[in-house]
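Here is what TrEMBL records for this protein:
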| type | residues | note |
| --- | --- | --- |
| TRANSMEM | C:36-56 | transmembrane segment |
| TRANSMEM | C:63-81 | transmembrane segment |
| TRANSMEM | C:96-116 | transmembrane segment |
| TRANSMEM | C:123-146 | transmembrane segment |
| TRANSMEM | C:166-189 | transmembrane segment |
| TRANSMEM | C:220-238 | transmembrane segment |
| TRANSMEM | C:258-282 | transmembrane segment |
| TRANSMEM | C:294-317 | transmembrane segment |
């Protein structure tokens, strides 16, 4: 009986590899489509689906479900997608706490995870995994870029982030490159909406600049309040704080703010022009960082699926690693820990007609990897 | 630490307190008169902010938006009262918790359905833009001073309403004896709807005022809701005076805690750790204060005499 | 046999039958779903002891659920890494040890929180329990050692003597047995003198005091036992997800536990199970249909409160026999 079974499996396996290219790929997308953080998930989904749609590849099936930004729910959906829908690849999670709930156990069950955004340090170093890819960045990257940039014009900085792991990664990354003095290092509450107390400290700190990592609603609140405070110390931050999804809500208060990004809307390459135009045409709004990252994640999966069978883990992984895509970001390749090596830019918030957006100021890092890759032994 | 910084932080605490009072006043009024726990009060705050942002975007006028926030929140409150809340007065707290929890889900997803997933833009009116000088040589945002003034005005108006008007007499009667006012020929059903709409309007007003300072997005009411509950419990549920003092206490304690605790810990541990530990303790502080107060005074600082 | 007993029996049998069937036809996800139901039902059974029998509406039971979860997560992390925990004690990956640690920790926390909270009553009690849960929540979010907001992954599910816990069905059976044991304990307590005193203290505290029973002690004991049961569920929940995070401690979780009880039928023996089953099934089914599922979940919950008083069991089995 046992022999019979294994013979059958063998036959199946042979059959499958013979049809490598046409083998359908099932992708499970878990992202945040309800609640306060839904904007990020909607951009993730739309960017991803744009690449899938453009490819015209009928053998790719994407199942999307809403995690409501709750780790438990994300785990339940992941279980369902793995056990019931039998997906080959999981993707789409926005937040690092949800990613930490889903990704380690997904890769332990032999599924690929391609991250479209969240990139905690915990998965980039010693705990890296052959099945875990990050198509976005490593958490520290954009903060490192601002640290490097700040060296030029600033001597004494006030730095601030929410009190959670991504916030700590942020300030760690910033300090790794910033050589000047720190006026203060402040951790705010996660989800905090009033920054009067912090703004008062900034005013009194004697700093010549402020670095703030406050994603989503936190950044909107901070920027609006800062604009009213009469404090004129320049603000800078990582791209997430001033991404296309929050700029309209911040309004003119964001004008002139310097931020960092591995992608900017005005990057001068063909892939980017096409991406921005197509995204606008399809969804009638400008894409954000999250949309680009998801677009590239989908491109990576598509490129690998064209040349390897997803059931053949080794081959598929090798194809993913090649990163044979035309990214709107320009140069893109994978590091040894399967996180991106890419250029990082400094941007400035500007106005095009009535629309707030970011423009490129300068390239701050070329082919930048991350600090954790050396600890990753694969 | 300078005098100017301390003064600025005190004003910040005051402003947070005033904003919390607008929320807490409605909650405590509704509980005092109808005996209802309304978890969906934060949703009415959100409705106010969304109404204000939408109307301000259409008309270009924040003031019309502010008016719309009052009208929409009151209307939403009245509708919810007529359809749902009305059936809950004679139920126990458990059913009220569940029903209003369900209302939160409906309001949040309903709002997202109508307005999309991205935060809305709402700016401070030109009249209140910018900062004004304070004694000590520092500056303070004019808009925050306006919030403090508006809150004080509302508190005074509520005081007049309750102590001087017919409606106020009925509300007070309702608080002390529900059967009695029915016997006196007051139309309780209408009174309840009016009180609920009044509470909702206050929440909507707070949402609109704060929306200009923060991000107008789905779920914005929940953190405020929890704080408002802390306030009314500290103050003594049903007491407007308690809500006012509780709100100011929570506002000042929270602001000062976030500001002073990290400084305190710098004396013992390295700065980056002090920030984390101080921050952690600061976020727990008002709950610690609340537990301490209730441990000593189980019915809050100003429990209404009757209940 | 009363009608409710029949319904209870059917519920218990169904909860067992579905995973067995799912296992037979190779649909392991339904085993996971059933496990989730069993664990949430266990947590709610714990709360039901305080809330249903004692009338103590705790809006902070997420604290105990999370304490149980973190006990499992922290012990397992140390068991895995071999680093000593405190006082040279090592971690462990034995479920039985973890359960004891989880229950004892939560029991002590329950005694402390209860001792202060039970001085209050009514809405004050609801809110002070919420305050304590918020304290634990913010502590977990900002304490960096065990992952903070990101939470803590358990790399390998903890061990149970003689059972392969990685097999979904085995793990389900463990949870199922624990749930039945907890329901059994609930029934014993309800029928005991202690249980009668607890219920009497809910219905008429003055009379209880006049016959020389101190309601405070009885309530405190019930609150602590209730905390222990919920913590046990938290430990199992951590093992189910192989993950713990502060969201287990959030006020939404406390709210959900209350929702489960009311959905099923407050104070009823199998109410939590009925409620958990209904809630998880609704959540799963709606989530598959529409991304607006929370809207419809809200409508359904509202419908239950307004029109199906006494919850699912009240609806099927008629009015409860007791207060």
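From the backbone N, Cα and C atoms, a Cβ is placed for every residue, glycine too.
If you count C-beta pairs under 8 angstroms between the transmembrane segment (C:123-146) and each of C:63-81, C:96-116, C:220-238, C:294-317, the highest count goes to C:63-81.
Looking at C:36-56, C:220-238, C:258-282, C:294-317, the range that has the most CB pairs within less than 8 A of the transmembrane segment (C:96-116) turns out to be C:220-238. Here the listed stretches are C:36-56, C:63-81, C:166-189, C:220-238, C:294-317, and the one with the most C-beta pairs under 8 angstroms to the transmembrane segment (C:258-282) is C:36-56. Take the transmembrane segment (C:166-189) and the stretches C:63-81, C:220-238, C:294-317: counting Cβ pairs under 8 Å, C:220-238 has the most.
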